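Colleague: If you scroll down you'll find the structure; I have some questions about it.
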Amino acid sequence: MQNTIRIVGIDPGLRRTGWGIIDTLGNSLRFVASGTVTSDGDMDLASRLCQLHDGLAEVVHAYKPDEAAVEQTFVNKDAVATLKLGQARGIAMLVPARAGLHVSEYAPNAVKKAVIGVGHGEKHQIHMMLKILMPKVEFKGDDAADALAIAICHAHNRGSNRMRQALAG
């Protein structure tokens, strides 16, 4: 008998970190909640990271996910921005890990491929597929939508991993 697994997807960012919660049972996906955690750009970096930490900790505490998935970051030409994004990503991985959750990581192209079928796509395609896959989905902004896509990517990968284990066993 399968159990419902609750997944939190996290799209890390220093200004806005998106989060999305889904429940999965077999191949079935159900939207639970989504949103963003923001940091105050007028504050110093350490304070902003604390804001992200505290906001994500509230989400994890409130929704009690079983597993977490975080999008990997890419390196861009602005080294300072890349480092700051990496620090925000560290917070995005730390919070669920400290709550005892297994944290998986996915490249942006893998997330898009899992949701829209190709590794390169537009935001509106992700939004459309979220509405098809989970008709009751609600999200405000790209960050929350991306976080839901990350959670879906993890749900699909969990299914593939279970299939491989069953065939090998």
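Note that Cβ sites are derived from N, Cα and C of the backbone, with glycine treated the same way.
Annotations per Swiss-Prot:
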type: ACT_SITE; residues: Asp11; note: active site
type: BINDING; residues: Asp11, Asp143; note: Mg(2+) 1 binding site
type: ACT_SITE; residues: Glu71; note: active site
type: BINDING; residues: Glu71; note: Mg(2+) 2 binding site
type: ACT_SITE; residues: Asp143; note: active site
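How buried are these features, and what lies next to them?
Modeller: A 10 Å cutoff on Cβ-Cβ distances gives Asp11 (active site) a total of 27 other Cβ atoms nearby, all chains included.
Applying an 8 A CB threshold to same-chain residues 6+ apart, the list for Asp143 (Mg(2+) 1 binding site) reads Asp11, Gly13, Arg16, Thr17, Gly18, Thr36.
A C-beta separation below 8 Å, combined with a sequence spacing of at least six in one chain, links Glu71 (active site) to Gly9, Ile10, Asp11, Pro12, Glu105, Tyr106, Ala107, Pro108, Val111, Asp146, Ile150.
Annotation note: Glu71 (active site) sits in a strand segment as assigned by DSSP.
Under DSSP, Asp143 (Mg(2+) 1 binding site) is assigned to a helix (H, G or I) in the three-state scheme.
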